[in-house]
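**Q** In case it's useful when we look at the structure, here is the feature table from Swiss-Prot:
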TOPO_DOM  2-33  topological domain 'Cytoplasmic'
TRANSMEM  34-53  transmembrane segment
TOPO_DOM  54-76  topological domain 'Lumenal'
TRANSMEM  77-96  transmembrane segment
TOPO_DOM  97-117  topological domain 'Cytoplasmic'
TRANSMEM  118-138  transmembrane segment
TOPO_DOM  139-144  topological domain 'Lumenal'
TRANSMEM  145-165  transmembrane segment
TOPO_DOM  166-172  topological domain 'Cytoplasmic'
TRANSMEM  173-193  transmembrane segment
TOPO_DOM  194-240  topological domain 'Lumenal'
TRANSMEM  241-261  transmembrane segment
TOPO_DOM  262-288  topological domain 'Cytoplasmic'
TRANSMEM  289-309  transmembrane segment
TOPO_DOM  310-354  topological domain 'Lumenal'
TRANSMEM  355-375  transmembrane segment
TOPO_DOM  376-420  topological domain 'Cytoplasmic'
TRANSMEM  421-441  transmembrane segment
TOPO_DOM  442-445  topological domain 'Lumenal'
TRANSMEM  446-462  transmembrane segment
TOPO_DOM  463-476  topological domain 'Cytoplasmic'
Amino acid sequence: MGIKFLEVIKPFCAVLPEIQKPERKIQFREKVLWTAITLFIFLVCCQIPLFGIMSSDSADPFYWMRVILASNRGTLMELGISPIVTSGLIMQLLAGAKIIEVGDTPKDRALFNGAQKLFGMIITIGQAIVYVMTGMYGDPSEMGAGICLVIIIQLFVAGLIVLLLDELLQKGYGLGSGISLFIATNICETIVWKAFSPTTVNTGRGTEFEGAIIALFHLLATRTDKVRALREAFYRQNLPNLMNLIATVFVFAVVIYFQGFRVDLPIKSARYRGQYNTYPIKLFYTSNIPIILQSALVSNLYVISQMLSTRFSGNFLVNLLGTWSDTSTGGPARAYPVGGLCYYFSPPESFGSVLDDPVHASIYIVFMLGSCAFFSKTWIEVSGSSAKDVAKQLKEQQMVMRGHRETSMVHELNRYIPTAAAFGGLCIGGLSVMADFLGAIGSGTGILLAVTIIYQYFEIFVKEQSEMGSMGALLF
């Protein structure tokens, strides 16, 4: 059934825009250039406002997810990477559940990727329609059908640009993937802004600077009681404070420390005697994939809940999914879940919130750990990184595990890989929860994504440097 399903949508995949694979080896400096161009296009789209919107001042239901989804309110990047990640989530789950089957041949993999792109474009249109019809840019009846259609077209074209930019990097023209690049850029930008923002905010305590570090110097310069000024700079509410910044740096250090955890399995050449090597199985075997898929799941739950609560606010089942409240303390207006599944699947605002509602905190912890472990185990089966796939790769390279025959390699790898995937997913979820409870800037999920992505780029750079021999050869 699976192959038949992919064959059915094959004609549609053939008409999709596609980036051709490079016909020659792309030099590192060219990859850096293409990566920079991709990032520049993304950042420009983040600043171009949507044409035709009447207002974007209403409470933002996705304020808490925008850092992770690389989206920017009221701009061409309104949807961010949400459509492409959501399509990936759906396709991976369908493949993992064996509803559709993906063969090992390059043709089947290409067809699967094409189907994922097709669903990404369909989801882009669907999300654009939902955003417009739920009144995020003004009352649709007042804007008129023409303006609504123009906004939907803009969001669709921007979503297509994101898909193609991601494909450009993944095909080998640049470094890493577009999704990772956009997420890391957005999160790092948020952290720097929250630390050094010169924007002033009127609070009950008077006018304060948004940036935590600038606020520290401002409070010390303007307050006569220096001890109280320091206390306020470290613990002020509803605005970034120094404790948030310290928590962010601490989480960065912890995640980098855990990146070094791995098990090295001894392997040897089946052809050349005396040629030994190791195959590393990292603690974060599936890297940041579990947290990206978990974020996609929650963001789509938010979209559905917001859409239904706008139309059927008094319905019992709708309220069971999520009830929302608007808040504008210390920043732009935003909608926050206060009940239902959406509330329990969202992180507590602070450690004090954990003590106030331990049931919420407990359910959130179980959800994060369980979903990350599940997505991690599912991912290895559909991404070509399961024990069977690794054994096949080693066999193709004419390598075998020391002390084991080729036939027993899969059994031996099965002792490590599924465990590393599940436990690594649990650790990813646990670190995200810890960062949320500590109040790290950009959310626990965001910090975790930023660190793992930056570390991936560091590994790419080290690998390229070892192949080229020197820094000068890399760039010149």
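Including glycine, each Cβ sits where the backbone N, Cα and C put it.
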**Q** Should the transmembrane segment (118-138) and the transmembrane segment (446-462) be scored as in contact, given a threshold of at least 3 Cβ pairs under 8 Å and pairs 6 or more apart?
**A** no
**Q** Name the range, of those listed as 34-53, 77-96, 173-193, 241-261, 289-309, that has the largest tally of Cβ pairs under 8 Å with the transmembrane segment (421-441).
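**A** It is 241-261 that shares the most Cβ pairs under 8 Å with the transmembrane segment (421-441).
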**Q** Based on Cβ pairs under 8 Å, which of the stretches 77-96, 173-193, 289-309, 446-462 lies most in contact with the transmembrane segment (241-261)?
**A** 446-462
**Q** May I ask whether the transmembrane segment (34-53) has at least three C-beta pairs under 8 Å with the transmembrane segment (145-165), counting pairs 6 or more apart in sequence?
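**A** Taking Cβ pairs at least 6 residues apart, the transmembrane segment (34-53) and the transmembrane segment (145-165) are in contact, with 3 or more under 8 Å.
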**Q** Any residues 6+ beyond the ends of the transmembrane segment (289-309) with a Cβ under 8 Å from its own?
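**A** Distant Cβ neighbours of the transmembrane segment (289-309) are 61-62, 65, 68-69, 82, 85-86, 88-89, 92, 127, 130, 134, 179, 183, 315, 318-319, 321-324, 335, 337, 340-342, 345-346, 368, 371-373, 375-376, 379, 383, 424-425, 428-429, 432, 445, 448-449.
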